[in-house]
Amino acid sequence: MTTLDGLAQGLEVALQPSVLIYSLLGAVLGTLVGVLPGIGAMAAITLLLPITYYISSQAALVMLAAVYYGAQYGGAVASILLRLPGTPQAAVTTLDGYPMAQQGRAGVALFTAMISSFAGSMLGIVMLVVLAGWLGRLATSFGAAEYTAMMVMGLVAASTIGEGRPAKSLAMVVLGLILGCVGTDVNSGAQRFTFGQVQLMDGINLVALAMGLFGLAEVIGNIRKAERDGPPPRVSLRQLVPARDDVRRLFAPITRGTLLGGFFGALPGTGSTISSFLSYAMERRVARRPERFGKGAIEGIAGPEAANNSASITAFVPTLTLGIPGDPIMALMLGALVIHGIQPGPMMLEANPGMFWGLVVSFGIGNLFLLVLNLPLIGIWVAMLRIPFRWLYPAIIVFVCLGVYSVRGSTFDIVMVAGIGAIGYALSVAAFSPALLLLGFVLGPLIETNLRRAMLISRGDPMIFLERPVACGFVIATLALLALPLVGMIRARRAARA
Amino acid sequence: MPGPISATTPDWHDLAWGAVLALTGLAVAGYAALHYEFGTLRRMGPGFFPVVLGLGLAGLGLLIAIPARNRPGQVRPFAWAQAVGVIGSLLVFGLLLDRIGLMASTVLCVAISSAVAPRGGFLWRAVLTVAVTALVWLLFVAGLNLSIPVWPWSR
């Protein structure tokens, strides 16, 4: 099937009225959670996951994806107006967005964020189509050894490239892998770590784990923090219109940000947050007058906003073509696909073309919704920022309880979420990344199955990972990623001694 | 929000969590080694993966704890009251739902969780409790028709 046939088929799927409605719903909900500091895309998608049991798989995936990229739009609003990032990806946008708002240019900053997000997403879709076809073909030549090595590389990349101490990040990944072992072992049927509890035989519930780690921990951490000092400034439509000089400054940062975000989004292990930080660093480096950054440079909004949207689109490449989620949100998407009986992987393009192309086309439609809705509705989003968090979080907690309960009608799961939430909050206070724990949890069973298969094929000879060139490449990359923090440490020691 | 760096204290967070993770890793590896078949490299048993991971976690826990002994740590505020309120409201909801029904457990859950908000006053909490309970009834009972005991007597 050619790309054009695919797009035509995707258009047919994405234009079904029910799919359109869920795409719109997801885009609006995503913007809402992005705008409101204290509920991230992660928590929102987890909350919606149980609801998707009741709708068609296409509508479900389209809606969850729209929440994800919609949150990228919304996240910028609170960053610019209140210096409170609505999402982690939007943290960079506070650096120049808030100073612009203080100079009375909040409208232009918001316009820049939205138009850059839109451009980044649209170009990201093109990259998604090109990369997915290419990677899908490459992936059909992958065996168990390649899969194992690639997933291990993804996990190591996520722990060493991201923020925080690498040992702490790796520990979270390993803890996640261990939690993934709970339940019935597929190979032998042995009950692992179930301690006789029937509820644990299917393993720890993904929804319960994600809600505890993200929903609850985020709520607890934000109750005190989110009582803000002042109301956000008012923004009128006329203020959104940028000057000609502003427009001229947008093109290059958007292009650079999109390419950078598209590249890093497609790699497993790196996500949209890292892309937006890298894009900011790049813009400052290429700028003729870098001292403007941090004081309201429009490039400092355009580049990162384009980058994180482009990355959040291309993040679907490894998820859909390899079945390997690059970040925790993609891990949830993978979970949602599997719940709906769709196995992502190299065969998905052939086995489920309607799903794949429908999703691709819906990205375009959803982003169009976001652009035409968000510019005129900006006043409503700004008004949303006036709702104090104390009105929201008790309702969120009740929804968490009911969301978890509705998955399989078990109050045991609600109690489990409470326990996971307590641990998750304590971990996040100590600067451990719960996102990496979830990534390990989702990839754990896949890695174990592929590792066992690879060792069976090679008759117990671990050399299989070095003899096969692609697998060997992944192993070398993994070792390099592990060495990276060591090199940094040695350098810091030397610098301290000198 | 990370607090000021104090030069005298060890990094308590990393020290404590490093130790906890190391012990957890050892416990996982030990339990798996005793209860599940380890197997061989060629034919891995159900114990292989957990034992290796448990030992890995133990090593990483030590890597976190040992350098933290004589490193100045950051003082990070822990929202005790908020954590207890939120976790407690979930426990109450989970443990009582089957016994007292959806409406009563929602009222309790909202009342407990809103009690730890940093703003005083009784009226707004009462209004919020009524509003959320009504919303839950509209969405989950009238709208989605969730199969759940609604009232204490409707079991």
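Note that Cβ sites are derived from N, Cα and C of the backbone, with glycine treated the same way.
Listed features, source TrEMBL:
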DOMAIN    B:17-149  domain 'DUF1468'
TRANSMEM  B:15-34  transmembrane segment
TRANSMEM  B:46-66  transmembrane segment
TRANSMEM  B:78-97  transmembrane segment
TRANSMEM  B:126-148  transmembrane segment
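Within its own chain, the transmembrane segment (B:126-148) is flanked in space by residues 97, 102-103, 106-107, 110-111, 114, which lie at least six positions past its ends and keep a Cβ under 8 Å from the stretch. Look at the domain 'DUF1468' (B:17-149): DSSP puts its residues at 97 helix, 5 strand, 31 coil. Over the domain 'DUF1468' (B:17-149) the predicted model carries a mean pLDDT of 90.
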